[in-house]
Structures are given as structure tokens and as C-alpha cells.
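Chemist: The annotation active site, charge relay system is assigned in Swiss-Prot to 288, 292, 504 on the grounds of similarity to another entry. Sequence annotations record features per position, and here Swiss-Prot assigns Ca(2+) binding site to 546, 547, 579, 581. For 212-600, the entry in Swiss-Prot reads domain 'Peptidase S53'. Taken from Swiss-Prot, the feature N-linked glycosylation site applies to 210, 281, 323, 404. Marked as signal peptide by Swiss-Prot on the basis of sequence analysis: 1-22.
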């Protein structure tokens, strides 16, 4: 497991392992170490039989990192405006060299693989990842397990998986994760919480910003004036596309003509990851993609790229996604491998992603690996921004470990310490927290040093003593970090102007703001901002408007996605309060102030 030994202010190091739930077992038997084991066949699948022993499978093996603490400290130093190394980002080559496992680690794993007939020459090595293809018969001996064919009860599709896998005791200290093994996944329509309604409008003229949000509303509310980013390749704005969502150029062009005519002619590049298509005439829903490009680019004007990633990610079913065909988990690793392999000159400076899922629905090893990879982007100077989610304190409100414990549900990757999580607000004069804005405290990641004082103050002074005890982890990473408008954004999709709500709107909005701030820094010969959070919680905090009205809700007794009965928690909520809170974070951006603070 990746260990987030993030330094607490005035305190000792805080380690991750004690805060991880449902971690892989450490049981050792017959010379093998059990890496991961499921409680049973995931909902939505039935075991059909056994694959032919000669069937070939490709496996990815993540090696344990020997420099985890040193790397995390390096990322924090690079990102801390009070440190001498602030802004001294690592190059691709420096990062690879820093994270390269020792010869002992690789040799031990290579020797184990070779003992089962997998030669070193047949294994592709990429820093701390190994990729190899072998037969089912060999894999079963290698991982001391049995692979089976599982059938999806909804669509009849079949996959080969196991419910438990192990590695030889000699290699166990060096192996973090192997996939595909225990991870079940299948396509389903996107799950992002965007609530749509048709709008009759052709421009921003005479818009009531309390009713409908347009780029002009955002610019006025957040004091952005007419400032845009310059089209600088050092400040590329990246937008993540998953789940067969396609950003349509004709809709985007119309949106710009209607709402930001000064950017007429602005467009974006498309990059395909893992064979993702660029369907410009698809009849499938593309609301999420449209919203993201409309506001990230429409507010910033930055040189932009839409990164489309094919496929689906890994899922442990829970009440929000009880059937594997309802899988919304995104293939983050595929995107991260692609980005981290890019030359420094081609990396985006900002990456906006408006997707997420319950933290517990992602296997612990998977979330740990992915979060660490986001940290690697931060080390290379990328600001990674995620929406906080649209389920308030939680929707399923129940653990999926077989115990069915009533609990609030934090969101991943929003609760990863290496991303900037954006919650939601609505209204103007005053701006208030919106009820669906997800927030809370991670069950897996320790509270990082940069927010220690803020979160500790909230828990000790703003939250009623004993309130929600047992429903959340008071030692976990608190999220969101900041907030922005998230209700009824005018956007274009499939030739119509519609209203869209969700923190899916907050993230690209904030990404657009950060892109302009980067442009200001670059114009003054300063490095771009990179991983934002250490700056946000120190110098940047005075550039945000504290939101003290409104709050989130959740745990209503009915799951908002599956509509299954769930635990009911009367009055479940995080309230917006003075200072940081787990619904709006530090508050909403005041660009006028931020544009000065970034030059300090």
C-alpha cells in the first residue's frame, strides 16, 4: 500500500496504513502471501465455469515503492510556497529516476516470475510497473489461485477473474497490486449527477444569475473582469473525458458564439487514450463533456486539450452501484500512464476532471496507487482538479464490507490528498452551499499537514461535539478544498441550450480560474502553480470568499441512483461555517485578490 506520511504542522508524521479499511489481508500460507481477497462474487455476476488453461491474459503488476515518504515530501516541498524548492518541478526523467525501484526489488520479482516460466525478456518494465502475458494455467500457479469465467447477469458478457490471489512469500514485500485479478468491471451509462432542463435563451443578455449561470455571471460574481489566459503551450488546460462522453465541436462553437463572443474561433484538441473515439455525431449523451469544455475553456480561453479515455475502471459494488452493469468507475490508471509518459513540453498545466465515485467502491490498493500517480503529476507541475461529488454526506450511507455499517460516504478521487477538490454553491448575494455538494473525511487517506489546522479547528469549534460520531473518520483527509457555483449552468449539447447542475460544473469553472492565474505567473517569469493545496491553505486562503450559509444533505433512506432502501440518518448534513468546512472548503474564488496573491 502507498503510505501517505504527510507532515502535520507542529506534530509528528501521520501514516496511512492505520486509516485504511478493507485492506488486503497479510495472511501467509504454503509459502504464499495473500494480496487481495473478495468477500464473495460481486453482485451482478455469476460464476459460469473455468477458462481453458491455455487462455492468455495480460497482467499489470505494481511494485512497492521504497521511496514513498521521500517522494511525498518532495511533492510537498515543490508545492509549498514557503519552501526554497517551491515551483522547482521534476522532469519526466528526474521523476522516473527518483522512483526507480532498487535492483533487489526487481530481481526478487523477476526471479519469482522466472520460477514459473515467465522470462525477464517477456516482461515489459516501466519504472515501478511490470507488464506480462501468460496462460491461465501459469497464472494459477503463479498466484496460487483458480481463475473462473464469470457471466454478467444483465448483458451476458463474460470475463475471467478470481476472488483471491497471492504471491510467493519471497516476492510479497515487493508486490503492491496485480490486475486483472479481483477487479470486476463492465460498461454502463455515465453516472455523473447532472440535472438538465431546456433553456430558452440565445445569449447572456438579461440573464438572472440567481436563476441561470452563464460565463458572464461567473466573471461578475468572482470579479474576473475580462481577463483571459494567453494561448501559451506551457499553460495547456487539460479536460478529462470518460465513459464514452464526447465533446462536440459544433456545440462548443455555438456556446462560444452565444456566451463568449470575444473568444470566437477558439477550439480544443482531442487526444485519444487506449483507443478512445472522437464521435462528433454520436446520439449518446455528452452533457458532461459539453459542460466541461464550455466552462473550462469559455472562462479561461486557454490552449486546451480534451483527453478521451476508453474503457471502464474497477468496481466493488455497493448500494449506489449494486449491479456491475451500473459501473461508473473511470479508468484513471490508463489516463495517468498516458499523461506521465508525455514529454514535459506536452503535459497540461491544469487537469480538470468531473467524475468520481464512493471511495469504498474502489479497491483500496487501486485507490492508493491512483492517488500516488496524481501526486506524480503534481511533482511535474500539474494542478489536478476534481469535482467533490453530488451526494452530500452520502447516498448509499452503508459500508460494502459485508457488515452493512451505517456511515457517511466520502468520494474518490476527491478525497485523495494530491488533488484539489471543488464543492458546490448556488445563488448570489449571498452565495450559499448547495445541498448536493459532497464533502467529508476520507476513510483511507490521513489528513495532510497543509489542512491540519483548518480541519482541526472545524472539528473542535464549528462541529457540535459528538455530532455524527461513528459516521465519519475524524482523522481523515477533509474535502472539498474550495467551492464554486454549481447550479443550472447554461450549456449546449446536441444542438440545444440546457441547464446543468452539479459539482461537475464547479471543477471546470475553477480549472479555468487556475489557468488564468498560471498565465499571470508565467507573464512574470514565475513557474506555473502545480499542486495547489499547500498554496491554497497558506497564501491563497485570503483570496477566497468564506461561505457561511447553507449545507449539504444525504442519507435520506433511499439511494439516489439505485433507488434501493438505504440507512436513514435524520438531519444528516455538513453545514457551511466560518473558515474551512466539509461542504464548501475554504470558499469560492475572488479572482481580483487571487491575481495579486499568485505574484507574492
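Just so it is clear, glycine is given a Cβ too, placed from its N, Cα and C backbone atoms.
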Chemist: Rounded to a whole number, how many Å is the Cα of residue 546 (Ca(2+) binding site) away from the Cα of residue 210 (N-linked glycosylation site)?
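Modeler: The Cα atom of residue 546 (Ca(2+) binding site) is 19 Å away from the Cα atom of residue 210 (N-linked glycosylation site).
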Chemist: Which residues, same chain and not among 546, 547, 579, 581, have a CB within 8 angstroms of the centroid of the CB atoms at the recorded Ca(2+) site?
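Modeler: Here the non-site neighbours turn out to be 548, 576, 577, 578, 580, 584, 585, 586, 587.
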Chemist: Nearest to residue 292 (active site, charge relay system) by Cα, among 404, 547, 579 (recorded positions)?
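Modeler: Result: the closest of the recorded positions to residue 292 (active site, charge relay system) is 547.
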Chemist: Here the recorded positions are 210, 504; which one has the lowest number of other Cβ atoms no more than 10 Å from its Cβ?
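Modeler: Per-residue Cβ counts within 10 Å for the recorded positions 210, 504 bottom out at 210.
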Chemist: Quick check: of the recorded positions listed here (210, 288, 404, 504), which one has the Cα closest to that of residue 547 (Ca(2+) binding site)?
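Modeler: Ranked by Cα distance from residue 547 (Ca(2+) binding site), first place goes to 210.
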Chemist: Spatially, and counting Cα to Cα, which of the recorded positions is closest to residue 288 (active site, charge relay system)? Options: 210, 404, 504, 579.
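Modeler: Closest recorded candidate to residue 288 (active site, charge relay system) by Cα: 504.
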Chemist: According to DSSP, collapsed to three classes, what secondary structure does residue 210 (N-linked glycosylation site) have?
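Modeler: In three-state terms, residue 210 (N-linked glycosylation site) counts as coil.
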Chemist: Across all protein chains in the structure, which of the glycosylation sites 281, 404 has the highest Cβ count within 10 Å?
Modeler: 404
Chemist: Does residue 581 (Ca(2+) binding site) have same-chain partners at least 6 apart in sequence with Cβ under 8 Å from its own Cβ, and which are they?
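Modeler: Looking at Cβ-Cβ distances below 8 Å from residue 581 (Ca(2+) binding site), excluding near sequence neighbours, one finds 433, 439, 458, 462, 547, 574, 575.
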